[in-house]
């Protein structure tokens, strides 16, 4: 959540942020009104309690005639205090409810607009000219099926659309990617973590996934647990309700977990293959830093993502995501998009988000610097979302005979294998 003091002091900045996100600007005024009600009801409660305490001291000293009147007044004050307490609680709950609906403040350098209004910051690698090489590229599903690596037919039979099996070299390729990603993250100073896939509502709400993103979250209603769409959620909640020493920051974790997404609103989009699925595995980087270090940490996360994609020998571009496509928690987000030959365009493989103190305030994660205690900043970045990375590798490194060249970086994790070759049917 944002700092309420900032809302009170500069509401126009918050309105501008909501407008840039394409969200309801009237929410800001509703929150301001609720905050004023909360504060005024708090003042009234304190005044009545003070009057009640003062009256309580007078009653023992009063004459019999005065005491009867004072007791009558005390009875009325008791009712007034109780009513004021209820009013204060209701006003406080309303303000909290509205505050949780408000997205993070958009960074001033973020391009304003919707999904297509991003700005390309960098391009890396060379896009292959398959025409010059003399063959038509196959898509990842055709390649994967020929390699005995992907089985979507049985995935659909068992679980429905957007499910799949990784088999044979497909399974080995996932394990190689995960081990390589964890190795890179560990070398960079991240602590590897295997995280829960089920979390309580507070963890999901605290990370900002129960607002505009809630339609994509799986909820186990009977037990009131949520399936995570990213290990960002359990990693952000790992230090919930804790105060961390400033001299121990930054604290960096690399989480590996299954991820579950309903993909609501994507009917008919990316239905072929494993690019957009309901369940996948992912290695996620997560950082806790001092607020003043957040922007530099954001750049570091992006550099680690670029290192990863460069190591996989993939052509990719880096974009500055537009304000309407940020998600509730991020103040700024950089995506790395790999070139997908059969689609003829770049597609998102990684995201790096600066959430500044938004998640930390909601989850009560703070830092102590001397005598000062304050919310810290959290950031997250995808290192390897497995299915999409497999899509990019298969399509970009395919050869005319349907085999796929293994990037040199991955070979030690595949027993030195240089090629993935089609299997006999």
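Glycine too: its Cβ is placed from the backbone N, Cα and C atoms.
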Candidate from 277, 365 that Swiss-Prot assigns to the same ATP site as 261, 262, 263, 348, 349, 350, 351: 277
Identity of the L-serine-site residue among 174, 284, 292, 295 (reference: 230, 231, 232, 382, source: Swiss-Prot): 284
Residue among binding-site residues 231, 382 with least C-beta crowding, 10 angstrom cut-off: 382
Alpha-carbon spacing, residue 351 (ATP binding site) to residue 382 (L-serine binding site), which is rounded to whole Å: 5
Residue from 230, 232, 284, 382 whose C-alpha is spatially nearest that of residue 277 (ATP binding site), among the binding-site residues: 230
Among 231, 232, 284, 382, which are recorded as binding-site residues, the nearest neighbour of residue 349 (ATP binding site) by Cα: 382
Of 231, 232, 284, 382, i.e. the binding-site residues, those within 10 Å of residue 261 (ATP binding site) when Cα atoms are compared: none
Rounded distance in angstrom between the Cα atoms of residue 232 (L-serine binding site) and residue 262 (ATP binding site): 17
L-serine site, defined by 230, 231, 232, 284, 382: further same-chain residues with Cβ within 8 Å of the Cβ centre: 233, 235, 255, 257, 259, 282, 283, 285, 286, 380
